[in-house]
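Undergrad: Please see the structure below; I have some questions.
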Amino acid sequence: MTENNQDLKQNWTRHREGVVRAARGTQLTAKTWMTEAPLRMLMNNLDPEVAENPNELVVYGGIGRAARNWECYDKIVESLTRLNDDETLLVQSGKPVGVFKTHSNAPRVLIANSNLVPHWASWEHFNELDAKGLAMYGQMTAGSWIYIGSQGIVQGTYETFVEAGRQHYDGNLKGRWVLTAGLGGMGGAQPLAATLAGACSLNIECQQSRIDFRIKTRYVDEQAADLDDALARIAKYTAEGKAISIALCGNAADILPEMVRRGVRPDMVTDQTSAHDPLNGYLPKGWTWDEYRARSVSEPAEVVKAAKQSMAEHVEAMLAFQQAGIPTFDYGNNIRQMAKEVGVSNAFDFPGFVPAYIRPLFCRGIGPFRWAALSGDPQDIYKTDAKVKELIPDDDHLHNWLDMARERISFQGLPARICWVGLGQRAKLGLAFNEMVRSGELSAPVVIGRDHLDSGSVASPNRETESMRDGSDAVSDWPLLNALLNTASGATWVSLHHGGGVGMGFSQHSGMVIVCDGTDEAAERIARVLHNDPATGVMRHADAGYDIAIDCAKEQGLNLPMIGR
């Protein structure tokens with residue numbers, strides 16, 4: 001590390017008033033759809049309907065940003081509008097650093113966000129760089145320009161609740177209720193997911209503005225005045241067999257321990273506060289939000305200490321629920337790790353959601369496949385919904401999800417859809433969407449992407465790769481290989497990030513997006529990318545010894561030299 005202590009901070013702006021919104025229709029701002037697509041999706045990430053704090057470039061997840069600062073944002077936009085189809089833009093932690101001649105089948109944008117040499121991969125070091133304007137936290141889909149609002153995690157949360165219901169309650173959540181906290185960009189999916197799974201939910205959130213937004217977008221049904229009111233509503237609705245979501249404004253570190261003291265018994269307990277980032281994402285008990293934000297600047301070490309201590313009380317309450325026989329699980333925000341660091345030695349006694357409920361899906365390459373209509377026309381999404389049902393006719397669970405999504409999910413920004421499908425299905429759907437663009441059935445191209453939370457694209461020992469069968473939880477070669485393969489296969493843009501979901505030092509992960517513009521060239525790229533991308537997930541799990549993945553690899557004809565030798 002350099003010993004030069006000179007302040008390297010340059011003139012840059014993190015706050016700017018105004019509204020960013022992606023263009024709609026077929027008129028291009030950039031030269032072709034291959035560059036128009038990343039331009040629109042970048043802007044869509046900052047749409048007020050989508051982003052948590054667009055004036056600060058924050059999309060979701062604490063400080064997950066779409067660009068490092070507004071000067072960088074402007075230069076990214078300028079670069080994309082000028083980019084040719086044989087050039088590639090390089091983005092380093094939200095800053096456009098170079099345009100290079102490549103070729104038409106190469107990605108138009110390559111993105112690396114928040115990556116630090118492992119020894120220095122801590123929030124403390126990252127925050128120093130961030131304060132100097134030398135870094136940006138990209139979360140997962142914030143800095144990779146494929147966030148679609150809370151819908152992006154609704155189905156994954158729904159699948160988790162459904163599987164938990166199958167394991168613990170004979171597949172029936174009617175008359176049951178989920179206790180959780182956090183109504184930000186990710187946590188905001190929980191109330192709707194619980195409702196769709198047939199359960200009531202009590203959702204604690206410390207910011208009233210977030211509750212207001214989730215009620216406005218129909219992710220939350222109603223708000224309780226206080227804990228007594230919330231519990232009365234829960235008792236009423238569960239007795240009636242209704243699946244109603246209830247928000248309660250307060251601090252989970254206060255409310256969960258109080259519920260334990262009262263002997264309240266939820267049917268399921270989890271959490272999706274932004275505990276991964278104690279400096280920016282978790283309000284210490286007894287503090288106001290304004291006090292928290294001000295002291296995060298003036299006393300960062302004290303803020304982190306106070307936030308972690310509150311997390312410890314939160315986790316101790318979750319452990320008490322588990323010890324009372326209530327299914328309790330971590331939903332991927334690293335709150336167990338934070339609590340363990342301040343003395344809760346048994347914080348990991350309750351499992352993460354992936355090993356508990358999701359890993360069998362990952363073994364078959366099934367994960368959060370998503371697409372967005374660049375036209376801005378909801379009819380384009382409804383037509384693709386119908387195409388999914390046509391091409392996957394026998395999956396009643398998937399059809400039910402699509403029907404519920406159309407009925408209950410409000411689009412945020414550009415219309416989009418998510419559905420969990422796997423190896424074989426993704427390429428089939430992508431090629432069909434491309435043909436729909438070619439024929440004019442869709443009014444403009446669509447982009448296909450996914451969360452970085454997928455079967456082959458992440459190493460996260462406290463989340464996606466927790467408790468791997470062979471002990472390879474922390475091996476991060478896999479997301480690097482995924483990014484390299486997607487680049488070689490011709491994805492339109494590819495990203496490689498660090499720290500998403502669980503915070504600095506705890507994850508590495510990659511993403512890809514591909515454009516369906518109706519051309520033959522796009523079809524060739526789609527066939528490669530949408531096969532190879534989920535195939536890396538099957539490969540990764542087969543390599544770890546999972547029989548489901550080994551069988552899937554054989555069924556799909558994957559060439560895995562060390563499997564079945």
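Each residue, glycine too, has its Cβ placed from N, Cα and C.
So Swiss-Prot has the following annotated:
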- CYS419: active site (ACT_SITE)
- 61-62, GLN139, 185-187, GLU205, ARG210, 251-252, 272-276, 282-283, TYR331, GLY501: NAD(+) binding site (BINDING)
- 463-472: compositional bias 'Basic and acidic residues' (COMPBIAS)
- 453-472: region 'Disordered' (REGION)
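Are these features on the surface or tucked inside, and what are their neighbours?
TA: In three-state terms derived from DSSP, CYS419 (active site) belongs to an extended strand segment. Under a cutoff of 8 A between CB atoms, and with a sequence separation of 6+ in the same chain, the neighbours of CYS419 (active site) are GLN155, PHE369, ARG370, VAL388, LEU398, TRP401, LEU402, ALA405.
GLY185 (NAD(+) binding site) counts 29 other C-beta atoms within 10 Å of its own C-beta, drawing on all protein chains shown.
Counting only same-chain residues 6+ beyond the ends of the compositional bias 'Basic and acidic residues' (463-472), those with a CB under 8 A from a CB of the stretch are 330, 332, 334, 351-352, 354-355, 362, 453, 501-502, 506-507, 543-546.
Across the region 'Disordered' (453-472), DSSP helix (H, G, I), strand (E, B) and coil residues number 0 helix, 2 strand, 18 coil.
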Undergrad: Please state whether DSSP places GLU205 (NAD(+) binding site) in a helix, a strand or coil.
TA: strand
Undergrad: Once near-sequence residues are set aside, which residues in the chain of GLU205 (NAD(+) binding site), 6 or more away, have Cβ atoms under 8 Å from its Cβ?
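TA: GLU205 (NAD(+) binding site) has long-range Cβ partners ALA181, GLY182, LEU183, GLY187, ILE211, ARG214, ALA247, LEU248, CYS249, GLY250.
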Undergrad: Hey, what's the Cβ neighbour count for GLY501 (NAD(+) binding site) at 10 Å?
TA: 26
